[in-house]
Amino acid sequence: MSASDVELYAMNGLHSRSNEHVPLSNEEFIELKRQRSGHSHEDGVKGDEEEEEDIFVTADADVSQPFLSNGRSSYPAHQLRTSARPEPALHLIRSILLETLPTLLFTIIGMVFSGELLVRISTWPAFARVPELLILVPVLDNLKGNVEMNLSSRLGTAANTGMLDKRADRRGIILGSLSILQVQALAVSAVAAGVSFGLAMMLLERELEGARPKSGFMEFMMVTSASMSAASLSGAILGSFMCSLILVCRYFRLNPDNISAPIAACLGDLLTMALLGLTSSLLISWIRTVLPIILTIVLLLLLITTVILTIQNPHVRPLLLQGWSPLFAAMIISTGAGLVLEGFVDRYDGFGMLAIVIGGLPGGIGSIFICRLSTALHAEHDYASGSSEKVTVPPTPERPVLVSAILMAVSLPVAVAYLLFVWLAGWMELPILFVVLFAIFLCIVSAISLGLGYLLTHLFWRFGLDPDIYCLPIQSSLVDLIGQSLLVACYEIARLAGASVGMNAVTSGT
């Protein structure tokens, strides 16, 4: 098969952004080939040789379209090659350092505030009256944070591939993204409320000295209405902020892939938790009235309305049925991380504060890595298939080894700065041996996070699934679980090596 035929088959199998996404018919393909042959004849043999060097896409590639590239190759990324030169190493290092270092510092600060906020709201009357609210917090934060990370990843890819440059397209994509965000936020918050009650039935069976009244239907409606209200408000506020952040990054020629996902996860947790505390405090006084039921019905009507708006928007219509499985799979995995945290947070001094870093930092750099890889795959696919009028030149190839090394190098000083702050604040003692072991384990978790991100991105891409939708929830929850498990190992090794790490009393009859 000639080089022209290869490209034509690529244009046929990975068709352009049409409303129906239907491959070319045989007649259309023959006509396209005739036109292409004429063009190649004018360009000469040299042009054919360049095409053969640039594009390696086969005919029977699978198509699965969300609003981005409207086509996903079922073939590995190495079959989508371009002849563009890689970005110079010094320029790449400089751009990643300047954009990711402030982002990761902000993320860590936000995580600390989230932890402090959780401690404070856990003592509020609503959380004491309805313990299911406290169980709801990590479940809702996990689901909502992943929804907002997916939004930032999709919009970052759209910005980097030029889809947000036209005013008409930009308006449709952003409004559609906000509508699908409301659909997902309302749906996952309702599920989170049900899960929290299910976990409460298992974890709170033993009566707390017989003083806690048994939760019933009215408590469930109160938790559901508070959860859905907080998620909807958080989605509207944070979704608008993230859309604005992506556009600002695009305007100032910053790469949103280096900035948006960690900020979305951090602010999502903080804002959702704060709104949940406020809504539950307002509704607790009306728990024995019909107000929670009425509010839940209104929010369900809002869910139906946003579903209709999403269906009517061609940019996001395919997303309505995509991406649900990784959200709930991540919720299950995060439950395991929560069990690790619950089992060891009272055993080791400062475990909760260090769990923030060893899970949050590797998860943050992993999300940045996934966003960059996904953007590169989308751009290469759009160029190879001709499906985007914006991607008319070979995109700059991603350099995953160099990028991952830079991200690991960035995360270490951020972690050291956090440990220094914790030590200066007098929150916990940090022996040198423990700090060295912690840095080693942090590098291990970071390497696992980056390797996992690379593997998941290319695995989902190969099977025709958009990495912007499927990767981040799975990766973040797995890294959280692995990080906390290795933190336990870090404490144990430091203790066996003679470091004076704080060991709290364990309930074993002592």
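The first residue you see is number 1, and the count goes up from there.
Positions of Cβ are set from backbone N, Cα and C atoms, glycine also.
Among the features that TrEMBL reports, domain 'SLC41A/MgtE integral membrane' is placed at 137-276, 357-490. What TrEMBL records for 96-119, 173-200, 220-249, 261-284, 290-311, 323-345, 351-371, 401-426, 432-456 is transmembrane segment.
By the Cβ criterion (under 8 Å, sequence separation of 6 or more), the transmembrane segment (323-345) is not in contact with the transmembrane segment (290-311), since fewer than 3 such pairs are found. The helix, strand and coil residue counts that DSSP assigns across the domain 'SLC41A/MgtE integral membrane' (137-276) are 116 helix, 0 strand, 24 coil. Residues of the same chain lying 6 or more positions beyond the ends of the transmembrane segment (401-426) and with a Cβ under 8 Å from any Cβ of it are 89, 92-93, 96-97, 100-101, 104-105, 108, 350, 353, 357, 361-362, 364-365, 368-369, 372, 435, 438-439, 442-443, 446-447, 450, 454. Within the chain carrying the transmembrane segment (290-311), a Cβ under 8 angstroms from the stretch's Cβ atoms is held by residues 176, 179-180, 182-183, 186-187, 218, 221-222, 224-226, 228-229, 232, 283, 317, 319-320, all 6 or more beyond its ends.
Counting same-chain residues at least six beyond the ends of the transmembrane segment (220-249), those with a Cβ under 8 angstroms from any Cβ of the stretch are 130, 132-133, 136, 140, 144, 147-148, 151-152, 155-156, 159, 164, 170, 174, 177-178, 181-182, 184-186, 188-190, 192-194, 196-197, 255-256, 259-260, 263-264, 267-268, 271-272, 275-276, 278-280, 283-284, 286-287, 292-293, 295-296, 299, 302.
Ranked by Cβ pairs under 8 Å to the transmembrane segment (96-119), the stretches 173-200, 261-284, 351-371 are led by 261-284. Assigned with DSSP, the residues of the domain 'SLC41A/MgtE integral membrane' (357-490) fall into helix, strand and coil as follows: 109 helix, 0 strand, 25 coil.
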